[in-house]
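> Here it is, the structure in full.
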């Protein structure tokens with residue numbers, strides 16, 4: 001489903017893309033191509049990647065490859081799909097009312113939601129912030145339970 | 001009569017030119033003609049010329065006869081491969097073609113003269129015909145057909161004219177003021193018509209000959225527009241050199257017909273295209289692109305004509321290249337526009353917002369501006385503790401509001417424009433709906449405690465409005481003491 005979007009499978013590729021995206025938000029989707037929610041998110045990403053192309057880059061990371069497990073452990077990715085935002089190699093956090101600010105879990109309901117989130121991140125990053133608040137109303141934010149050691 | 005004199009003079013000019021160029025035994029004839037013409041010029045005032053021969057002499061000239069003979073021979077011989085080795089000017093065929101061009105122009109002038117003659121004679125019979133049928137040859141044919149007939153229903157004009165014109169002609173003929181012609185004049189008129197028709201046929205022959213030789217004379221031009229149109233263009237322009245000297249806009253209009261508007265018709269002639277209309281390139285372009293194609297064709301064919309007039313490219317390659325260029329351009333025009341790609345969104349905050357100004361914006365800003373009361377409340381006097389809403393420093397501070405020394409006993413609420421607008425809307429909603437409001441209602445509320453204080457808005461503005469005047473420093477007071485140290 002990643003028709004025109006780059007899919008990354010090697011650690012080195014992920015490193016290069018994080019390092020080389022300058023002054024643009026980098027959207028990394030961690031997921032696998034077989035999951036339906038992931039497919040939904042991928043479709044949205046593909047459609048909007050051209051529209052946000054002036055201030056964001058979108059890439060897909062396949063969590064089934066071994067090299068990527070390092071990142072899976074680092075970012076503590078347990079739900080599929082998870083999206084992590086970077087700006088100039090800084091990890092951008094977003095407070096969307098959920099427990100985990102470091103990533104966005106799940107898909108977006110509409111293309112416009114995704115664009116709004118990316119724009120909020122961009123504005124915050126340009127101001128120098130490392131954490132921004134989510135512009136979406138809470139109905140549009142996917143809810144999930146954070147499990148800590150299966151509690 | 002002026003036109004007749006001019007045409008005589010024109011004849012004279014041609015004669016003198018021809019003497020320089022062509023090596024024909026025309027001198028004798030020219031001499032004769034000049035004498036005749038002089039004689040005629042003398043009689044011009046009392047000119048009621050009855051003799052057609054005195055008017056049109058071309059058919060009698062030796063030159064005409066010679067050239068026609070040569071043309072007929074050449075036509076019968078068929079086209080032979082031209083010898084390119086020979087320099088063009090020496091080639092007798094080329095000379096013949098140059099002569100043919102000049103002759104075709106002469107024939108045209110001659111036809112016009114004869115047309116004038118016929119028209120003048122026929123005016124007694126049917127004066128309106130000349131304004132209905134413009135083309136000289138058509139006019140001659142119609143005159144010949146009608147003859148001395150008064151009733152046009154007996155005359156069949158089918159095939160000579162378009163049916164609309166036939167109708168108009170028949171209608172006009174029924175109400176014409178003309179009378180039948182006397183016999184001799186009628187004979188002369190018919191004779192003149194015949195003369196015109198033979199001249200026309202001769203011109204056609206000449207043009208056919210030129211057309212057949214076109215590939216040899218002007219290969220580039222004939223590649224682009226085709227040999228028939230090329231021959232016509234050359235004939236109308238009066239030679240290849242003349243055609244080459246014309247600007248392209250003129251070439252476009254060579255041979256354009258003037259449309260005959262019957263009655264109140266306001267239909268303008270389509271296009272303003274001449275012989276170029278008959279080229280196959282023009283015919284094969286879709287109608288919406290025809291104007292552009294016509295201009296393009298005219299300009300490229302002018303270029304080709306210029307190349308041909310200097311014999312720069314005898315093989316015709318230039319013409320083929322130009323034709324290819326024309327074809328490509330026309331194809332490009334017909335291409336659909338490129339598919340629209342969705343534009344990516346602009347970077348956030350990259351484009352500065354357009355700030356507007358002006359009176360309207362200022363008035364709008366005034367509604368939300370800081371009121372004088374608020375300004376007073378924001379400031380404090382030095383060394384004087386301010387009152388607060390909850391007393392003792394708690395709650396909102398009142399600043400200089402209500403303090404001694406501000407010159408006012410009470411500060412009233414200034415006219416808050418925002419409040420006024422809101423109040424007006426509220427009033428409209430509440431009172432406007434019923435329409436029957438008591439005359440004693442007002443928007444001012446009377447309370448027993450405060451009473452009404454009407455303030456002078458001007459004084460207010462003076463006190464605090466302008467930023468340059470400050471309440472901190474007194475305007476009237478000065479330094480109390482300046483110590484010299």
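Placement of Cβ uses the backbone N, Cα and C atoms for every residue, glycine included.
Pulled these from TrEMBL:
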- B:217-335: domain 'Nop' (DOMAIN)
- B:330-362: region 'Disordered' (REGION)
- B:335-349: compositional bias 'Pro residues' (COMPBIAS)
- B:353-362: compositional bias 'Basic residues' (COMPBIAS)
- B:457-485: region 'Disordered' (REGION)
- B:465-479: compositional bias 'Polar residues' (COMPBIAS)
> Which residue counts does DSSP give the compositional bias 'Pro residues' (B:335-349) for helix, strand and coil?
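The breakdown for the compositional bias 'Pro residues' (B:335-349) reads 0 helix, 0 strand, 15 coil.
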> Using DSSP, what is the helix/strand/coil residue split across the compositional bias 'Basic residues' (B:353-362)?
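Its residues fall into 4 helix, 0 strand, 6 coil.
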> For the domain 'Nop' (B:217-335), what is the mean per-residue pLDDT, to the nearest integer?
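Computed over the domain 'Nop' (B:217-335), the mean pLDDT is 86 on the 0 to 100 scale.
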